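Under the heading FAD binding site, TrEMBL lists B:Arg212, B:237-238, B:251-255, B:268-275, B:Asn289, B:307-308. Look at TrEMBL and you will find B:4-186 tagged as domain 'Electron transfer flavoprotein alpha/beta-subunit N-terminal'.
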Amino acid sequence: MEILVCVKRVPDTAENEIEVNGSGSDIERDDLVYSVNEWDNYAVEEAIQIRDNVGGTVTVVTVGDDESEEVLRREMAMGADNGILLTDDAFEGSDGKGIATLLKAAVEKGKYDLILTGAQADDGAGQVGGMLAAMLDVPYASLVNKIEVNGDKLKVGREIEGGNQEMNEIAMPCVLSIQTGINEPRYVGIRGIRKVASVEIPELGAGDLGVDAGAVGAAAAKVKRVDYFVPELGEGAEMLEGSTEEIIAKLIEHLKAKGGLK
Amino acid sequence: MADIYAYINHKNGVADDSALELIEAAKKIDAGAAVTAIVTGSGSELDQVADAVAATYPKVLKFNADALAYPNAEVVRKLLVNVLPADAILLVAHDTFGMDLSPGLSIKLDSAFVSDVADIEGVDGSTLKAIRQEYSGMVSTHVTCDISAGAVINVRPGCFAPDESQSAGGTVEDKSGDAGDLSTGRTFLEVVEAEVGDVDITKSDVLVSVGRGIEDEENIEIAQELADAMGAVVSCSRPIVDAKWLEKSRQVGTSGQTVKPKVYMACGISGSFQHMGGIKGSPFIVAINKNVKAPIFQVADVGIEADILEFLPELTEAIGEL
């Protein structure tokens, strides 16, 4: 099976405190630790497991600048066979539709049976997979947490509310967005990283993709971010201050009053 | 302005709370809009929901078909493409169905898409101004959206307070005949209900809930010791289940269990909106986190800035000495 996985380099929110810069135009990016978007990492692991079971190849693709190459190499060290970097100044400021337009062009340069994305990334929009499927006119399922291959069809489980799982049969080719928890992404060691360090990763710009530069980037974006801000807190929590002993004493009083201690 | 529509989710013959919230969101787009509700499904449950929704919406369009018996987003997308005007503004709840339906729908309608909107500031000409959150709720953003060619807007559940007093006395129109071809490449099979775990966290008055801040599987023991001392049960946020440190039945959140204990101790949990969705209406929330900017502190009653790995054992000891 030929599988394409769309990945993104994002600030690692588990490792960083995200702060807004002085003017509100961006987050503070100095000293940020970047990594592969967590959901995408599960998608790549799932693709590798499917390939190992039924054969084929796994290709990882990303839209970004030169630094985004590091996430492609990381996923190749994990076990993906190929990487593709979509990069061009014209792509900057693309909204979800712009990114999906670029990915569609990349998909059409290959012949993929299955396309995976993470369920969402840093902006929390969760939009690129569904947009890409609609542009390609293939079936889509989001928040997928189980995949079984049955010939040219897949049986997929979707995570829905209340811990329940919605089972669907979906025809390939198709696009699925992958929810965390579907598998346990494997550990990537230094040796794996070294092994793929010199592999050539093709870079494709607007011309290579046959994409009209005016159809992507900031100019084409219907949805635009104006600024970043930290919301004013509501009443907020009563912060307990003092020494640890004093804090614990105050907390125990609260717990007693609210029925938190038996 | 284009006509505003709201897609209404329902289950077991009852409309979701979002039905009341979407109409409030619509009023922030156009205070005078006559918002049309769309209800899809089959059988008597559908009729029941459509009639109930007409109490809130002036007009309800009802689509009855076997293919719509379960809300398969691929089928509903085809229906909406068949029946909505190209410049429609459609509001959808940002839940697991809305996330499945909406991005692709916006492409098929060639309209704009704004995901997971927490607030709407209004419309200026053909520009909608909205507020979203990024980076797991750590920062917010103002966004603009060009709605001149229509828009699909996903609204975060719980962000628009419903006005329960209003009564629209609306009409229900059966538009099933307009549904068109609903065949798709995705077939709904079944819903597999969540497994019942060894402990039912929804039954506990006190939950000691752990998140990423617990750092390591073996540290779960620290939370368990505190829970034992308090007579509480250990629950957790999603990353702990993803890491398989605790079973799914212990997960609090929209994709896990909804809980309503007397006291909820959020330990090392930053507080994504999916997690908050699982503790709606929890009376007393204690948040312990080393990041004082974590969103959980916005909803907690009592906050403690501390590393849970150091704080919880000391708290356990102090409770043991009572």
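Cβ atoms are placed via backbone N, Cα and C, with glycine included.
Sequence features annotated in TrEMBL and their locations in the structure.
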{"residue": "B:Arg212", "record": "FAD binding site", "CB count, 10 Å": "17"}
{"residue": "B:Gln251", "record": "FAD binding site", "CB count, 10 Å": "26"}
{"residue": "B:Thr254", "record": "FAD binding site", "CB count, 10 Å": "23"}
{"residue": "B:Ile269", "record": "FAD binding site", "CB count, 10 Å": "32"}
{"residue": "B:Ser272", "record": "FAD binding site", "CB count, 10 Å": "22"}
{"residue": "B:His275", "record": "FAD binding site", "CB count, 10 Å": "27"}
{"residue": "B:Ile308", "record": "FAD binding site", "CB count, 10 Å": "26"}
Filter the binding-site residues B:Thr254, B:Ile269, B:Ser272 down to the ones with a Cβ under 8 Å from chain A's Cβ atoms, keeping sequence order. B:Thr254
Just to confirm my parser: what is the rounded mean pLDDT across the domain 'Electron transfer flavoprotein alpha/beta-subunit N-terminal' (B:4-186)? 95
